[in-house]
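Colleague: After the structure tokens below, expect a handful of questions from me.
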Amino acid sequence: MIQIKDLHKSYKMGSNSLHVLKGIDFNVEDGELVAIMGSSGSGKSTLLNILGMLDNADTGDYILDGVPIKNLNETKAAQYRNKFLGFIFQSFNLINYKTAAENVALPLYYQKVGRKERQEKALKYLEQVGLKEWATHLPSELSGGQKQRVAIARAMAAEPKVLLADEPTGALDSKTSYEVMDLIQKINDAGNTILVVTHEPDIADMCKRIVHLRDGVIVEDKKVEQVRAQQYV
Amino acid sequence: MFDLDRWKEIFDAILKNKLRTFLTGLSVASGIFILVILLGFGQGMHNGIAKEFSNDSANRIFVWTWRTTKEHKGLNPGRRIVMNNENAAYIEKAFGEYLDAKSPLLRVQTTSITYGKETLGYRVQGVGPDYQPIENEFMSEGRFLSEKDMAERAKVAVLSNKMKREVFKKDDEPLGKFIKISGVPFKIIGFYGDPGGDQEEQRIYIPFTTAQIVFNGSDTVNNLAYNLKPQATFDETVKASMEFSENLKTYLKQVHMVAPEDEGAIRVFNTLEQAKRFHNLTGGIKLFFWFVGICTIVAGVVGVSNIMLIVVKERTKEIGVRKALGAKPWSIVAMIVQEAVFVTAVSGFGGLIFSMGLLELVGPNIEVDYILNPSVNFQVAITTVFLLIGAGVLAGFFPAWRAARMSTIDALRDE
């Protein structure tokens, strides 16, 4: 699903440049649930941004579902993001004046899906995350866990190839975190490919594979026995 | 533009941010409102002044002569200029198209006016039949001087109501009686009144031709008085009047060998000059109103772009999220510009309708001197609104473009 080869990225900081990613080689198969771990400054966010086409690599190859991602202009990148990727953010990033259902329907709007179908799909995905009754509520009326579940439903709505979750539990307490991880595991069970950036070992343990980043290189890449979040809920 | 979903996005954004939208709209609506009201009153003043001067017999020109003040063609300054019959005849012939009424005037230098044994202390003027409309005299009894009186050099006189009260109080029927001017008997043929009141009723009118023959013996003309024909519009009337004044002066200066720049010898009093001054003043005021109005609108536009900048700043994160979810840069620009245009258009038309409605309702009821039926040219107003909408596009475009160009990561990081 994802193939990355010798990926380099550096940022210019005044006169000297900061080499953040120093040659990443990394493949993700269809249906994997991968945790990307590392301390801050290890380059994990930069990697996720590049994977999410929010940022461009300096050198190296990135192939997503057989499509080489290179030299995209903004319009093309937007199109690819919409088609291939679903984002789950640490701070949820719901649009605060839209209801839960409208938030979920937003990526479909950019896919030019008709209004009726959008509403149906939005409700379907809200149901999947167990929030169908909250469809008409504004984000401000939802708890943190509920917000993240709406965000997950939104990421799912466009039926992307890959879900990218950036610290999805970073703003949640541990009980809610496990609920969200339970949901993510279930989505993964249904066959979706998911990448989770986290620095929490217990969250990482709930994935099927853990990739450790340190100083811009992968220091460890191992498959793990998945801890089911269900038992903590 | 007619994408229903995008409209829904915009309405959502507008409805969820009522105060912000309201304030934006208010600045635009008040700009248009102020402009329209100012323009309306500018027009009202224009109308009012035009009316004020049009119902007067204000289109009057009075010519008199005095001494030259400049040397010209070897002639010394201080020469007394005197007009004559030939001058009057030439002007009538050459500028007849301008004239509605015309009359020469001769002041009779008289020692005594008597009625029976009574001595009267009035002035005697020789004038033509047209002098009645020129001076706005109305007849209370009998008739005014006629062309026949002029031709026959009749010894007839027209007296005023004031004189009738003062002199003929005992007599029942003064018409047909005689008064003596410097010993020459004149038959009373009528009594006139003047809207100006008693001060304007001190003159005894006799035929101009008689005055010349009996009291002057030459062809001297003291004054020339004219009423000009009104033209289709006030502006044209003023223009014609000024033209006539100038032509008249030029002719008289030439024929009496007065230096062209000598303003002392030939004097012309033109009542419209006063009107024209007012007219120019309203022109100036109108210009000023335009200026103020446009400044107001510029302020409105600046307000809109300011608010759009804030809107974009406020929504940076949202724009980042939208882009992450697959919004193309142009759809972001279109969304924000469309919102700006929608708000300016609705509030612009709102201001327009409100202000025009107000002018329409209140305008005709305004009863103030020099303001009549303030109104505004609809075409002008609608053009202004469209200009404002155009400005709204620009006002929305630049912040939107900046937002769309901003990197998605930075936008997402914005708190």
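Even glycines carry a Cβ here, placed using N, Cα and C.
Copied straight from TrEMBL:
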| type | residues | note |
| --- | --- | --- |
| DOMAIN | B:21-239 | domain 'MacB-like periplasmic core' |
| DOMAIN | B:291-407 | domain 'ABC3 transporter permease C-terminal' |
| TRANSMEM | B:21-41 | transmembrane segment |
| TRANSMEM | B:287-312 | transmembrane segment |
| TRANSMEM | B:332-358 | transmembrane segment |
| TRANSMEM | B:378-398 | transmembrane segment |
Colleague: Which residue counts does DSSP yield for the domain 'ABC3 transporter permease C-terminal' (B:291-407) in the helix, strand and coil classes, in that order?
Modeller: 98 helix, 2 strand, 17 coil
Colleague: Could you give the residue numbers and ranges of same-chain residues that sit at least 6 residues beyond the transmembrane segment (B:287-312) on either side and whose C-beta is under 8 angstroms from one of its C-beta atoms?
Modeller: 17, 20, 23-24, 27-28, 30-32, 34-36, 38-39, 41-42, 319, 336, 339-340, 343-344, 384, 387-388, 391-392, 394-396, 398-400, 402-403
Colleague: Restricting attention to the domain 'ABC3 transporter permease C-terminal' (B:291-407), give the mean pLDDT.
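Modeller: Summarising the domain 'ABC3 transporter permease C-terminal' (B:291-407) by its mean pLDDT gives 82.
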